[in-house]
Structure formats: C-alpha cells, structure tokens
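A short worksheet on the structure shown next.
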Amino acid sequence: MTKKYNIAVIGATGNVGRETLNILAERNFPVNKIYAIASDNSIGREISYGEKILKISSLTNLNFDDIDIAFFCAGSEVSKEFVPKATASSCVVIDKSSLFRVDNQVPLIVPEVNLSTLTEFNTKNIIANPNCIVIPLAVALKPLDNEIKIKRVVISTYQSVSGAGKAGMDELYDQTKSKYVFGENDPKKFPKQITFNLFPHIGDLNKDGYTSEEAKIAFELNKIMGNHFKASVTSVRVPVFIGHSISVNIEFNDKMDANIAEEILQDADGIVTISNNNDLAYISPVEVVGEDAVYVSRIRNDVSKPNAINLWITCDNLRKGAALNSVQIAEELINNYL
C-alpha cells in the first residue's frame, strides 16, 4: 500500500499557493490530509483542490506535529516567523520565499540540475525553492555546462506581473482598464506605470547599480550550478500576466556552437526546443501558460564572439518557475527520504 502524507500549503490563496494545490492534485501526490492555510481574513473561504473543495484554515492554529511536508508560499515574513515552528517538529519545509536561499545549510534545488544536494535537507529540515527565473535558467544551462564548461553568461529577463503576486496582476488589469476609461494610471504595486510599459527595476536598487532581483538571480544560479562562472543580469518587468522569458548569451571555455547546443538541449529533461526553421520558430509567454516544460528557442551563434551562443527561454513562472518545482522536490523526498 502506498504511504500517504499530511500536507500543508501555507499561502494557499496566492498565485503560487493555488498552483501548488492544483499540481499536487494533477500529479496524484499521495495525500492523506491536506490543509489549505492563508491569512486570517481568508479563513473559512473555499478553495479548489482537484475535484475537491477545501476550507481555508488559520496558520496560528496549525499543529506542525501533524504535518509531514509544508509548502510555504506566503513570503519571507511568514516564513521567518513560522518555518522555525514547523521544523521544530518532524515537518519538512519546502520554502518558496528568498529567506533561506542564501543559507549554506539549506539546499537550493532544481530537480533536473542538482538533486544530489537534497541529501543535505535534514540539517535544518528546510529545502529552498529557487527564484522563478533561476529555475528555467538552470534547467537550460546545466546540460550545456555538463558538455562544455560555461565561462560567463549575460542574462536579460522579461518577467510577468504574476511574479509580483496577485497584487501585480491586479495592478496591470486595473491600469489597463483605467487607461481606456479614465486616461490615467496610479502605480501602487510597481514603481512606474506597468500597462503599455516596461521597466528595468525589480526589487531594490543596490549601491553597485544592480537591483536585488538581479543580485539574487546571479547568486542563486551559481549556488545551484557550482560557482564556476560569472553572471551579469538585467531584470525587466513587462506587461504580461503569466510567463517569464529570458534572453541569455553564453560564452563557453571550449568549442560550442548552436547546432551542438540544440542537440544537447533536445535530449535534456524538462526542455522543449524549437528549431529555427521558420519565421515563427520561437515561443512567447502567452503560449506557455499552463505548461510544465522550459521552452528554448532562437538558438543561434553569437557572431561577435567564438564559442558563444544566444538562447531565448520561456516558461510558466507559476508552474515550473515555482509550484511544479516544489512538488517535484516533494516527490523526490517521499520516494527516497521520508
């Protein structure tokens, strides 16, 4: 008989929390009891879990002794307060905030890339889920790096508003509607107007001119892939509801070209490649909504530098960029560790 587990999803009413519930149901995760947890103003509300309906309950009343795996999807402040309470019991935490990603005692996992480091989870009973840009980046870069070591990468990200939560999606919707009706926009969640606009500003601006998002991406990518190459990052918020895209230039230490890269990526887990065989041979964000794969297109040589290529990477940031990755981690936990 298959063992079943008690699961808690903290932040269940948010974008990532809802998607986590959806994916747990879709993938038939062996659940005994599942708890949908959210803020006090959501208590008693109903939320879907596959064909079932769950009632939202309170985090303060949750007994972590009854929970095997807790998915924290509610941001760093909630994680800071409640993850220690969870790990004081036998509960394993998969945290989707940035809080524990820099902790050397907490594994930062992308299953297709560095699953072997999951053995370190029981040091603190915490596993960190990476940034929603870092996950597809690592999935695409790792098979190439396995073949020929990467020397450096230059990354430009085009990040949808859902990466900023429900409030980000609401602001894009409200601003778009207001622009037509009233001809005005009042930014609240974002630093500038997001409708019909984009801006290279995600997170706080550091003294070196990079934003905190750009610094996170560079740090996390190197932690996951082994700290042997440099990454320069520019992060751009774009008026797209769901789906992150990445333009990346990769320089290698030895011979690499677009044809070799495409062959490598075609054989890699979790990737769908699109060949340059017509004018529409690329994937846009709207086409990946609801998809689990990381899509790689526009694979081409860098004509300005030998042993360098360019890629266009796109994925659903709420699925593989967040919820799916965490559920894949949980699947590995129950298959080999719990």
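The backbone N, Cα and C atoms fix where each Cβ goes, and this holds for glycine too.
Since the structure is predicted, the reported quantities are computational estimates derived from the model, not experimental observations.
These come from Swiss-Prot:
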- Cys132: active site, acyl-thioester intermediate (ACT_SITE)
- His244: active site, proton acceptor (ACT_SITE)
- Thr13, Gly14, Asn15, Val16, Asn41, Ser42, Ser162, Gly163, Pro187, Asn317: NADP(+) binding site (BINDING)
- Arg101, Lys216: phosphate binding site (BINDING)
- Gln159, Arg237: substrate binding site (BINDING)
If you measure from the C-alpha of Cys132 (active site, acyl-thioester intermediate), which of the recorded positions Thr13, Asn15, Gln159, His244 fall inside 10 Å?
Gln159, His244
Which residues does Gln159 (substrate binding site) neighbour through Cβ under 8 Å, counting only same-chain ones at least six apart?
Cys132, Ile133, Ile202, Ser235, Val236, Arg237, Val238, His244, Asn317
Lys216 (phosphate binding site) to Ser162 (NADP(+) binding site) - Cα separation in whole Å:
18
Neighbouring CB atoms within 10 angstroms of the CB of Ser162 (NADP(+) binding site), all protein chains considered, total 25
Rounded Cα-Cα span from Arg101 (phosphate binding site) to Asn15 (NADP(+) binding site), Å:
20
Span of the NADP(+) site, taken as the largest CA to CA distance across Thr13, Gly14, Asn15, Val16, Asn41, Ser42, Ser162, Gly163, Pro187, Asn317 (Å, rounded to a whole number)
26
Within 10 Å of the Cβ of Asn41 (NADP(+) binding site), how many other Cβ atoms are there?
9
If we check Cα distances from Arg101 (phosphate binding site), which of the binding-site residues Thr13, Asn41, Ser162, Pro187 wins as closest?
Ser162
Where does Arg101 (phosphate binding site) sit by DSSP, helix, strand or coil?
coil
